[in-house]
Amino acid sequence: MSKNPQRFTITAALPYTNGPIHIGHLAGVYVPADIYSRFLRMQGHDVAFVCGSDEHGVPITIKAKKEGVSPQDVVDKYNGIIKKSFEEFGVSFDNYSRTSGKTHHDTASAFFKKMYDDGKFIEETTRQLYDEEAGQFLADRFVTGTCPKCGNEEAYGDQCESCGTSLNATDLINPKSAITGAVPTLKNTKHWFLPLDQYEDWLKEWILKGHKADWKSNVYGQVKSWIDDGLRARAVTRDLDWGIPVPVEGGEGKVLYVWFDAPIGYISSTKEWAEREGKDWEPYWKDENTKLVHFIGKDNIVFHCIIFPVMLKAHGDYILPENVPANEFLNLEGKKLSTSRNWAVWLHEYLEDFPDQQDVLRYVLTANAPETKDNDFTWKDFQARNNNELVAIFGNFINRVIVLTNKYYNGIVPEPGEYSEVDEKTIAELKAYPSVIASSIERYRFREAQAELMNLARLGNKYLADEEPWKLVKTDEERTKTIMYVALQIASALSIISEPFLPFTSAKLKNMLNQSDINSGQTPDWDIIGTKEALIPAGHQIGKAELLFSKIEDDQIQKQLDKLEATKTANEMENKKAEPQKETATFEDFTKMDLRVGTIIEAEKMPKTKKLMVLKVDTGLDKRTVVSGIAEHFKAEDIIGKKVTVLVNLAPRKLRGVESQGMILMTENTEGKLVFVNPDEEGVQSGTTIN
Ligand SMILES: [Zn+2]
């Protein structure tokens, strides 16, 4: 064990189970939490790394209503998908739970009850919107109406998505129930509130003074502005039938607010794990020597830095988080990731297109992690980092070492001679890496830590390139052995130190080096690099070379970009609103218009214009000139012979000096390209009237 083995409880934000997870979730929360947890275990610490699905709340009930299924069906479906994605990407949770499970219901219920018994809540009766037809109170999201600020007629009871204003359901003009469409009435209802304002001074002391130096500036800044604005009591119960019933008198028909029960899910998940492992869960949440760290995205800062700590403090039995290293947001190709708009790279889809390349995504997401500001994921950068770093540096170095060792020594690690100055320096640098990387990880700087991992691969690559054993082997066999021995030590170190970042690569590399059980001793894995005389001893038999990474070609990237382009088009199509219907036209109005089938017999772009094309059209009555604004969309030679719809009795008018005697009917497709209103069926003759 390490000198100071410590107990850690690491939590990762509970994903909300109304959709699968995408790269933004992975980059913001789960990869950094996994790196941290794997690193701590490799240092010999006692770690509980827990997570689970957040399965309560109004959005799930709305989704269930929309799809005509039960809320349980919705959460069962997505819990399965999400859990599988985490497993596939090597996120090493000790336990992945669900908030709809019994352990959680019992734990959250008891937590509320104790606070209630201790008088920690304020009871208040408020007037809330009620749907008489459905016989239930309406949660904010179940009310729509006109935004008092911008006039958007589809604002929700908690927010207008058009102007971004945060609202109360009672602020809406012409409120309507989203369940039945009925006009809601106001009715009294009792709720329990957590008086955050009473904890303001304590929060100032604990966070603003106590964690000024060690919390990330983006987190500290957000917390400070919340506290500076003044805190108010928050309702911790809701009138809803999906969730954890309020376990006290008067609580019938009410559930715990999803934000009250969800973070308690960390505790329930730890309990489940401890029970399975035959351990006591309590020290992980109640012992002052345990470090509690919450990994979250920036949208959860207020809940994890203010509300949950106040709950823990008010309850009284629990420790408080040591740190909350929240990340900012990851964008995709310059745009905000969005589940509802399908603007995302979904993990399960990624693996279909890049099978067995989980580590490439983990690598790129960490290299680009939004640690201090929002950051952008682009497919070009993904390709470049894979090809120029993972393939060209890490993969190339390992491949050379394994191939040459097999070629020169039948895969047996050679006996080294005396070290040169370069060898000494290289080994000394190698031994320093674990503490350099550790210092970055301990400060939650995962990008920096991973960059150092790549620097270790660079060290190996450069060493081989400078020493050129493939040349030296012809003239100095003894020196070649020493070089290969040193290179093998670097390869072995890489197999260990890459584990938190690239767990699949690490396992593959250990297997290639025939070192899957590299450490059977008492020293933690992380420390043996600095302390062990030979990481891979002379005489050890290694295995054959396998490809660790492979080049990603342009067409693979193009395919991903095309997919996003298709999403963009689909979104535009969905958002396109049909123009309102025009004034009523009488039958007489309509028959005034003489619409005929015509055939284009000549076409020529009008010189010095961008859009205009001069057409000769056979209308069946005559052959006449029509000027049409279609030159940007069609080539002249492609439309000759085409049957079109022509308004033949439109008053003639001159366009750039050419008289147009009619109009060809056009419309446009979803991409904005003009298309003909098409009478192009076989057997339809020019001159036929359209009515
Ligand atoms: Zn608005």
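Any Cβ shown, glycine's included, is placed from N, Cα and C.
Ranges compared are 15-25, 554-564, 565-575, and TrEMBL records motif ''HIGH' region' for 15-25. In TrEMBL, the annotation motif ''KMSKS' region' applies to 336-340, one of the ranges 51-55, 296-300, 336-340, 666-670.
In this view, CYS163 (Zn(2+) binding site) is surrounded by 13 other Cβ atoms within 10 Å of its Cβ, with every protein chain counted. Residues within less than 8 Å, Cβ to Cβ, of CYS147 (Zn(2+) binding site) and separated from it by at least 6 positions along the same chain comprise GLU153, ALA155, CYS160, SER162, CYS163, THR165, LEU167, LEU172, ILE173. Taking a C-beta cut-off of under 8 Å and a sequence gap of six or more, CYS150 (Zn(2+) binding site) has these contacts in its own chain: CYS160, SER162, CYS163, THR165. Listed as Cβ neighbours of the motif ''HIGH' region' (15-25) (distance under 8 Å, sequence separation of 6 or more from its ends, same chain) are residues 51, 53-55, 57, 59-60, 63, 74-75, 78-79, 81-82, 85-86, 297, 329-330, 332, 337, 339, 344-348, 350, 361, 365, 377. Fewest other C-beta atoms within 10 Å: among the binding-site residues CYS160, THR339, that description fits THR339. Other residues of the same chain near the Zn(2+) site, with their Cβ within 8 Å of the Cβ centroid of CYS147, CYS150, CYS160, CYS163, are PRO148, LYS149, GLY151, ASN152, ALA155, GLU161, SER162, GLY164, THR165.
As a whole-number mean, the pLDDT of the motif ''HIGH' region' (15-25) in this prediction is 93.
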